[in-house]
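Database features (Swiss-Prot):
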MOTIF     68-78  motif ''HIGH' region'
BINDING   582  L-isoleucyl-5'-AMP binding site
MOTIF     623-627  motif ''KMSKS' region'
BINDING   626  ATP binding site
BINDING   936, 939, 956, 959  Zn(2+) binding site
């Protein structure tokens, strides 16, 4: 019977057992250290891995892996790179593409060779032959590969781990010989004496990509004077005409060329000085009656540097200075002025360039034009040799500069010495300076196919677009590529040299034969077998005339041949590949070496699209280094550090979420504060999924499924929003804009679900009768949301997605989320008119919630259900949406009162008295008042009419009916 609104004793009885409470095994805490490996074991047992993509029936999609170097622990750069690739591959797999991802490793080169040598005792090193070194290097590389592979797997990376490509494999080495051979036969590879970047610390030539340029390099720069010994008659006549008071003989006997250099050790190799024909030069006299030649535009700077008062006697064009002769600074011979190019400027120095053709590229080029000697004064260790005269035995990185400077000072040739800060190339492995040194090397002549390479760059899509300009400018300006190295751990250049003479033996028969041998036996036979066994049978008789070459190929030629050794050879892949994805430094590395070899052999690029990412920095934007103590270790992110409070175990999915959250086109920060924020986002997504799963524990889609038009408006909107979010996330994945995925996911889980739909749904889910339509329709929607949410997040949060899927309480057709395929929805789920109305009503809801929160902050109320809302509209759009809701909405679900989670809502023409708060805003007046009636002890709504419940409790009519029907 109806109760009277009289004060009665409060009951301690709880209706909790009568509510449909959340029930799921999907835990609030991820416990990733345990749960993620369990999920990976589930994948392994059920072949839920890269094979899913391989078995798809769609178009082949090939993301070709740029091989990391097989040395050292994994770092954040690896994480950024590999997770980006995995996100793309998983998305393409879900889209039905045939995806077969083949991870690779770069295995040859100096770092591994040095590691092997460092691990040996000195006597072992002395007795180590090349074959044993190569065996130890192979073993070391395999250990490193296995360590890195286990790390990649723990990150949730899918790939053909049983068949990766390794540059040390026989099949790879054979294919690489094939690339070299075709380039040689096409006329693009030659042997010549040329200055190359040489590392005295590594004792080998280096490619441009093996250099780095530290910011704090200082060179000992010097200005020196060179005594002029012969001047052209034209200049002499001009001088006499303009300087009547100075005798011709005085000008001839007291004139000096001024030059500036940052490499004093190259002075013994001087063969000329070069001028720019377009620059104006002057002869200027000082107070000591010495006449100096230098660029006119540098007059003031030189006068200040030398602390001399210089008076200009004669101005000449650079072109007039050709063939003026001068006394070599350290040798008993005359040299001359030659005409150089635009590399000679007036930005620094004197405008006259010391030219040593054996120790500089520009010097070499001008030397070729004038047939100058290519004098190399340095040996492989950086020691000055016999061609340096009295400086023999000194070292370019140690004492040579000081000895030569002292010599110049003693002979009154040194004008000034100063330290000069500039960019200077260092060996990227030993971190020591390099030099230019002319040696006999093997080169790829880029000039032969430069125009084709530039056209290939135009044909490729570069992301970001700035990458195209960057690699284009590099290829336009690059010289020939030095591909030979003087080391043992690499693929040999398959050439034979005549023992007596300069002839070489290298042709199609040799190349094909070596390629076949390497395919069967591997490259070690180059050092193991004698010449007779390496040569084709027709050359066996003359084998005694030949010796094997000892050079190996540049490791960039190794990795740059991967399109031939992997994409071309494996039927499950395609060439050109759809995508190359690496750090932005690879424009000068792997992107370029792959492009050059592919164009030289097949006249096409090896890729259709190139995507680049930046570098991982600390939270303050600094480069990570052990010395700064700011290195973020991906292993610690996943498993935690020694102190779990300061370094908690976040798991692989938080690492993956970081990758999706950043604008990877630029350098990206990572650190403890960022990880905390990401972990918070991860928890919100996880808790949203848990709420969805927990509230469909008794739902059966085979019984309670509905057409869209059977559902309440709120449910129709939610499904329409799911379609919109799916479209947005699909576009983000398609365009590789993963940070948009991150933003959309956050907004969907927090704003659309937690703060709106699921907040409103609590009453429907908990309080309704189990099988009531208002509850089942909500469960239907939630089942659609949770299933598709799992798929949408699976490329990024792969472990959480699978965990969600395994906790769906009803039977699904697919065993794994990755077998589901990408969501496809009926277009009828989209409803623009409905969206507009609900957007208007959500705006009103936000304003009303602010007013209610104001009451709560004043401690006038606790829950929103303790209030009623009166709304006096001033916004016609919102008013129309309220009328629409009243006309078309479900009385069980779409009452705006229930959307607000208040006990009553009315549109009024006048406000009443006794307000808790009145808020005026653009939408109208919002009045919050105390809820009338009594609180229902089950649903907590306030009703004017209540009924007696169990043990002196009060129930609203709805709850009273449910209790009477289901629990009595």
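Quick reminder: no glycine exception, Cβ is built from N, Cα and C everywhere.
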Between residue 582 (L-isoleucyl-5'-AMP binding site) and residue 626 (ATP binding site), what C-alpha distance do you get in Å?
24
On the three-state reduction of DSSP, what should I expect for residue 936 (Zn(2+) binding site)?
coil
In angstrom units, rounded to an integer, how far apart are the Cα atoms of residue 626 (ATP binding site) and residue 939 (Zn(2+) binding site)?
59
With DSSP assignments reduced to helix, strand and coil, which class does residue 956 (Zn(2+) binding site) get?
coil
So how many of the residues in the motif ''HIGH' region' (68-78) end up helix, strand or coil by DSSP?
3 helix, 1 strand, 7 coil
Looking only at the motif ''KMSKS' region' (623-627), how are its residues distributed among DSSP helix, strand and coil?
0 helix, 1 strand, 4 coil
Per DSSP, to which secondary structure element type does residue 582 (L-isoleucyl-5'-AMP binding site) belong, with helix, strand and coil as the options?
strand
Rounded mean pLDDT for the residues that make up the motif ''HIGH' region' (68-78):
95
Among 939, 959 [binding-site residues], residue with fewest other Cβ within 10 Å:
939
Determine which residues of this chain, when 936, 939, 956, 959 are set aside, have a Cβ within 8 Å of the centroid of the Zn(2+) site's Cβ atoms, and list them as they appear in the sequence.
767, 937, 938, 940, 941, 943, 946, 955, 957, 958, 960
Could you list the residues of the same chain, at least six apart in sequence, whose Cβ is under 8 A from the Cβ of residue 936 (Zn(2+) binding site)?
942, 943, 946, 954, 955, 956, 959
